[in-house]
Amino acid sequence: MASTIMAAASRAVVAKTPFLSGQGRAASASPLRDIAAATNGRITMGNDLWYGPDRVKYLGPFSAQTPSYLNGEFPGDYGWDTAGLSADPEAFARNRALEVIHGRWAMLGALGCVFPEVLQKWVGVEFKEPVWFKAGSQIFSEGGLDYLGNPNLVHAQSILAVLGFQVLLMGLVEGFRINGLDGVGEGNDLYPGGQYFDPLGLADDPVTFAELKVKEIKNGRLAMFSMFGFFVQAIVTGKGPLENLFDHLDDPVANNAWVFATKFAPGS
């Protein structure tokens, strides 16, 4: 059984997937299809089922049944598509890829929004400004912007240089992921794997890989909502997420979404 699963996974992973190319959902686009066939169509994580027709579903308040095109072959498919956004195979393939990529960046972004406040509060790392939406403005100060508050690490004084360097780094990673360069990817532009994208071999086992996909998409969705919450907090309270959390814990009645929503006025 194990050899059958690994063979099926290998055949599926090597095949090129058309996530952003507009080619629709080809037969090779989902490694899970072949894996599920080798395991009688059931891949379970704990006591729950996340794939196939018997998976956990959430239809929402306006859907009577799961659409036929949402058959549970992809991670994070709860059968909910009231607006029919996934009815077109090409749009579905593109939107699914965009969701995964945005979820990954949101997870990194959410960590970056909280981590400086944590370091300054509990580790003792001194930042000129630990709050995420205020930190960038430090580059315009006389001393410039220091990475981790240490001028001996990365000292930035040019906003154009910072933007250019960020575009270069993100572009290289995305280019490697999409093009599948030798030694970088395995031909799958959404889950490239290989020594650079999976150096610990976490996805070597196909069943574990299927579970990790579910965990990734669920945490990615949560991170995207978290980032949206951070944006709203920044506009309404002018404070970072950690400070807002402690304010709420200190006085939940005076510091909550309802109170701020009823008192908020733009520009105040």
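In case you wondered, yes, glycine gets a Cβ from its N, Cα and C as well.
What you are looking at is a predicted structure, and each value in this text was computed from that prediction instead of being measured.
Residues TRP80, SER86, ARG221 are given by Swiss-Prot as chlorophyll a 1 binders; from GLU99, GLU117, GLU243, that same site also lists GLU99. Checking each of the binding-site residues GLN138, ARG177, LYS215, ARG221, HIS248 against SER158 (chlorophyll b 3 binding site) by C-alpha distance, the shortest gap belongs to GLN138. Rounded to a whole value, the Cα-Cα separation of SER86 (chlorophyll a 1 binding site) and GLU216 (chlorophyll a 3 binding site) is 20 Å. Non-local neighbours of the transmembrane segment (153-173) in the same chain are 139-140, 144-147; each lies 6+ residues outside the stretch with a CB under 8 Å from one of its CB atoms. Residue pair LEU148 (chlorophyll a 3 binding site) / GLN166 (chlorophyll b 4 binding site) shows a Cα separation of 17 Å.
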